[in-house]
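Per TrEMBL, the features are:
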type     : residues                                               : note
COMPBIAS : A:1-13                                                 : compositional bias 'Acidic residues'
REGION   : A:1-32                                                 : region 'Disordered'
DOMAIN   : A:31-311                                               : domain 'UvrD-like helicase ATP-binding'
BINDING  : A:S52, A:G53, A:A54, A:G55, A:T56, A:G57, A:K58, A:T59 : ATP binding site
DOMAIN   : A:312-584                                              : domain 'UvrD-like helicase C-terminal'
REGION   : A:696-715                                              : region 'Disordered'
COMPBIAS : A:697-706                                              : compositional bias 'Gly residues'
Amino acid sequence: MTDPFDLTDEDFDAATGAPGDEATPEPPWLAGLNPEQRRAVETLDGPVLVLSGAGTGKTRVLTTRIAHILHQRRAQPWRVLAVTFTNRAAREMRERLAGMIGPVAESVWLGTFHALSLRILRRHAALAGLRDGFSILDADDQLRLLKQLMADAGLDAKKDPPKAIMGRIQRWKDRGLTPDRVPEEDRRGTGAQRAAMLYTRYQARLLELNACDFGDLLLHTLGIFQAHPEVAAEYQRRFDYILVDEYQDTNVAQYLWLRLLAAGHRNLCCVGDDDQSIYSWRGAEVGNILRFEQDYPGSAVIRLERNYRSTTAILGAASGLIRHNADRLGKDLIAAGAAAADPDAPPVKVRGLWDGEAEARWVVEEIEALSHEGLPAAGTAILVRAAFLMRAFEERLMTCGVPYQVVGGPRFYERLEIRDALAYLRLVAQPDDDLAFERIVNTPKRGLGEASLQSLQVMARKAGMPLLAAARDLADSDELTKRARKALAGFVADVERWRALVGGMPPAELCATILEESGYAAMWKADKSPEAPGRVENLEELVGAVTEFETLDAFLEHIALVMETESKGAAAGVTLMTLHGAKGLEFDVVFLPGWEEDVFPHKRALEEGGQASLEEERRLAYVGLTRARKRAFVSFAANRRIFNNWQAAMPSRFVDELPDDCVEKTSDTGLYGAVTAGFAEEMGGWGTRHPRRSMTGGQGGAGGGARVAPGTGSWKVRDRTGDGLDITVGQRVFHQKFGYGRVLSSEGGKLAVDFEKAGVKTVVAGFVEAV
DNA sequence: TGAAATCACTTTTTT
DNA sequence: AGTGATTTCA
C-alpha cells in the first residue's frame, strides 16, 4: 500500500523548506518524556496503538503528539483530527495543547465523536435527508416521540416498555445499523420485531421533524460516507493525522467512522486501556482495541506501564484486583512517580461498617482526620457505583459542614424548567419543532386542554404541516371553542413576535424576554412549593449561560451537545461522583464505598451480561482505585437500605480479591470485637445474625430515632460563608433539602430545626437561609 | 378543564 | 420514600 505521507524527514523538510533537525532545538515538551512516551509521540507514520495504563501519561502523550506533528510541520493544525469521548476530555486536551503551542490549538479539529460528526453533518445535511438547521433531540424528546409512535401503533407501554425499546434502537445505532440493515436474528424474540418496526417509524418521523437524535449524528455521517464516496474521500484527504482517545470505549459505528477516515494515509493513533473499558452497556466494543493490529497490519504497538500517579500500595491493590480478569491484553503498572517513592505510604484501608449511614459517618470522619494531615477535602473524592449511594454521603457531609460538590449528578439541562425554557427557544428558532411545541403550548396553563390539542394534532397530521403552522390556521377556523381559539391565537402571535426578534437583539435578552412575556418565569415565581425558588434561580442561570453566545442557534447547538453547564468556580470541597464519571480524573484521596455483592458488582449487570459483565464491573473497581494518588479507602456495609427496606449485604467479592499485602482490613471493633481472619465471612454473617430490620415509615421522627427519611433529590451546594449569624431561635428558615421550618435551638453553629415536611433535624447553620 | 387521588416504578453506568 | 404518570372526581 502506498502511503502519500510516508516521507522521510529530509524529504519533508526539503519540500516545505522547514529547518532541519540540527537547526531546530529540541522542543521543551519532549524532554520530560520517558522512552515509551517518546516513542508514542515520535512514531508519526502509519497506525499506532498506545496501550496506556492508568496514570501513565496518556493525555500528555496525545497532546504532545499533536504539538510534535505541528512543530515538525507534518500537517497544518486544521488538518489534524483528535477525537475524545467526553466533552470534558476535549476541553482539557484543548487547554493543554494551547499551553504548549498557543492559540493555534484552536484550529485543530478536536472534539467528541458527536461534536465532530455534527460539524460534518451540518455541511451535508441534505445527503442524509435533513434540511439546514435540523434540531437534535435530547433523551427526553426521544422517549416522548417513541411513546407517541407506540400509541399510534396501538402498542401497550406496559408490555413493551418504551425505555427498553429505545435501548434496542440505540444499540442498533451503536452498531451502525440503519432500520433496513437490522439483521434477521435481531428481529426474533420477544418484542424484537416490534422494536425493529418502531425503529423504522422512529427514523421516518425524525426526518419529518427535521431532527435527529444523538446516535444519528454518527449514523448519518457514516451513511453519507458510505453512500457518497466522493464526500468520504474529501474528508480522507482533509485530515493528515488522526488521534483517538479512550479507544477501548468506541462502539462499532465509531470504529467504522474512524476506519473510513483513516483509510487513505492510515496515520491513525489510538490510545486506550482495555483494563478501563467500562461502557459496553452503551455499545462499546473492547474488541476494537483487541483487534487493532489485525485491522491495521504493520502498526506500532506501544505500552505505557510506568505509573506516575499512585503509591505502590494503591497500584498493588489495583493490579491484584484486575489480575482476576481473564480477558485482557495483559499489562502491568510499575510505580514510577514521586508517590511511589514515599517510604511511609500507607496501605489501602478496607473497612466494614454496620450500615450505609455508619459508612458515611466513617468516611466523613476520615476526611476530617486527613485534612489535619495535610490532605484537604479539596483533593478528596468519594466514588460510588450508582448515584443512589450518594445520598448518605451528601447528608453526612452537610450535617458536618464539610463542603462538597456533586459532579455529573442530575444535570442542568435535564431539569424540568430548563427543558421547558429550551423548548420555547427551540420553537422560536425552529418553528417546525413539534416536540417543543407540544411541550410548552399549555405551559404555563393557557386553557388548552387535551381536546383542543387532539384536534390540532389531527389537523396538522392531515395537512402535513408542523403544529405551529396548523395552530395558526386552526385559530382562524371555527373548529374549537372560542376560548381555546383565543388562547391558541395568542400563543401563535407570541411565538411569531419572538421570532421577529431573533437576530435583532442578543440571544440572552431574547431569552429573558420570552421567559417574561410567556408567563413562564412568573409561573414559578408564583409557585409556593419549596423547589420553586431554585427553579427561578436556574432560569436566571440559563439566561446567564446564553450570554456567552452570539446567536440563538449557536447556543442551542451547544446545549444539545454539551448539555452541561461548564463547571464554574474552584472545586473547593469533597468531590462526589459515580465511578463512570471519574474515569480520566485523579485525586489525592479516594473513598470507594458500597463494595457489596449486588451493589458492586451490580446485580443487574451480572444478570444481563454474566462473566463479561463481571469483568467489566471489576474494571470499574480498577478505575476507581487507580484514581487515587496517595490514599485509597474501600468500604462496605453489612446492611443497606435499598428502595425502602433494609437488606443484609455480603461484602463484594472484589474485597477478597484485593491482595493482602497492599491492604489493611478492619471492622467496627468497638461494636463487634476484633476481626482478623475470615473477616469477610464474619462481616457477611452479620446480616444473618441480625435479620432484616424493618424500619417502619421513616418519618414521624419519634422513637429516639435520629434516623429521619432522606428528603428529595437534588439541592444546590452552598458554601459555608457566614455562619448563619443572623439566625435566631424561633426564626423561620429555608433549607435546600428539607424545605421550610422553624428553628428550635442553636448550638455551636448547628441548629435544631422543625421542618414542615421532614420533621426535626439538626443542620449546620450555614445551610439554611432566614426567610 | 383542572385538581386530587391513586398507582407503579424507581436505582447502573451516559455521549 | 418520593416522583411522575395515569385515572378519577368536582
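For all residues, glycine too, the Cβ spot is worked out from N, Cα and C.
TrEMBL annotations: computationally assigned, not manually curated.
Shown on the structure are the features that TrEMBL records.
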residue : record           : Cβ neighbours (10 Å)
A:S52   : ATP binding site : 29
A:G53   : ATP binding site : 27
A:A54   : ATP binding site : 24
A:G55   : ATP binding site : 25
A:T56   : ATP binding site : 26
A:G57   : ATP binding site : 23
A:K58   : ATP binding site : 23
A:T59   : ATP binding site : 16
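The DSSP secondary structure for A:T59 (ATP binding site) is helix. Note: the ATP site is recorded as A:S52, A:G53, A:A54, A:G55, A:T56, A:G57, A:K58, A:T59; in the same chain, A:V61, A:D273, A:L304, A:N307, A:R309 also have Cβ atoms within 8 Å of that site's Cβ centroid.
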